[in-house]
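As recorded in TrEMBL:
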- 1-11: compositional bias 'Low complexity' (COMPBIAS)
- 1-32: region 'Disordered' (REGION)
- 12-21: compositional bias 'Gly residues' (COMPBIAS)
- 36-121: repeat 'Solcar' (REPEAT)
- 133-221: repeat 'Solcar' (REPEAT)
- 233-322: repeat 'Solcar' (REPEAT)
Amino acid sequence: MAAEGGVESSAGVGGEGGGRQAGSVAQARRARRESIPPYMRAVSGSLGGIMEACCLQPIDVIKTRLQLDRTGNYRGIAHCGATVARTEGVRALWKGLTPFATHLTLKYALRMGSNALFQSAFKDPATGHLSNHARLLSGFGAGVLEALVIVTPFEVVKIRLQQQKGLSPELLKYKGPIHCARMIIREEGIFGLWAGAAPTVMRNGTNQAAMFTAKNAFDIILWKKHEGDGKVLQPWQSMISGFLAGTAGPVCTGPFDVVKTRLMAQSRSSGEVKYKGMIHAIRTIFAEEGLLALWKGLLPRLMRIPPGQAIMWAVADQVTGLYERRYLQSAHL
């Protein structure tokens with residue numbers, strides 16, 4: 001009887017251990033299976049991009065004008081905005097909205113979708129765990145991809161439109177986004193749309209590596225929110241996490257943004273260009289305007305990017321949260 005009881009006890013322990021192991025495996029498989037698909041990340045990002053563009057376009061116009069101001073016409077953000085509105089009309093503060101909104105919609109769709117794909121590729125196949133190193137690499141890859149495919153050509157067109165002064169169509173070289181793109185291709189070649197690609201790649205890669213990692217960290221620290229746990233943040237919580245995650249990038253990548261703007265703004269139609277490339281532009285700006293000129297437009301960037309990330313994540317988290325509640329959690333139950 002004792003032997004029989006021992007065998008039974010042993011079998012019970014073994015069965016219990018096997019049950020725990022099977023449960024862990026099932027849980028890991030479920031975690032992998034229940035991750036939000038990349039296409040939903042892309043949809044959430046595109047919807048967030050539309051909302052951000054409509055709210056923050058005037059700040060982007062002011063930032064561009066300040067970065068292109070070499071003679072001190074504008075005495076700060078408020079003066080720049082007031083001058084543009086007074087001399088060109090309030091509508092001028094929404095110059096370039098069409099390419100900007102389209103650009104943000106496509107950019108966020110590609111950013112969120114490609115980041116989700118990269119994260120899926122870098123996850124541990126056994127546990128579904130994503131390390132911080134892998135999260136950084138995923139964000140950097142998404143930033144590089146968006147910079148080359150979407151950001152550079154759209155920003156070239158946007159900046160060319162924004163640097164034009166006045167609203168009278170007959171006095172403007174570029175009549176609209178499509179006309180601007182056609183003129184650039186005709187006068188400068190197809191690669192004219194990719195002017196400033198190098199600093200754009202560096203800026204966006206670094207920004208997204210920091211942003212995705214910081215957003216995940218703030219969600220965990222502030223709200224105890226982990227990916228795939230079924231918890232949906234309130235919009236104000238997403239806005240706080242997104243705002244904080246969006247602050248570091250502009251400070252670190254300011255020189256890349258200034259150089260990008262200068263390279264994109266200069267036309268190659270005359271044959272002569274002031275800046276030959278990213279390194280030459282950094283050296284020239286530093287020599288002629290001083291070190292702080294490499295951070296021109298930083299304040300309006302800080303006024304635009306963190307609030308922009310707050311708006312985008314508030315929308316994106318609600319969309320992915322709705323999907324998670326409706327499909328993932330209900331399927332699990």
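Positions of Cβ are set from backbone N, Cα and C atoms, glycine also.
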Residue distribution over DSSP helix, strand and coil in the repeat 'Solcar' (233-322): 71 helix, 0 strand, 19 coil
Model confidence over the repeat 'Solcar' (133-221) (mean pLDDT, whole number): 90
Residues of the repeat 'Solcar' (133-221) by DSSP state, where helix covers H, G and I: 75 helix, 0 strand, 14 coil
Residues of the repeat 'Solcar' (36-121) by DSSP state, where helix covers H, G and I: 73 helix, 0 strand, 13 coil
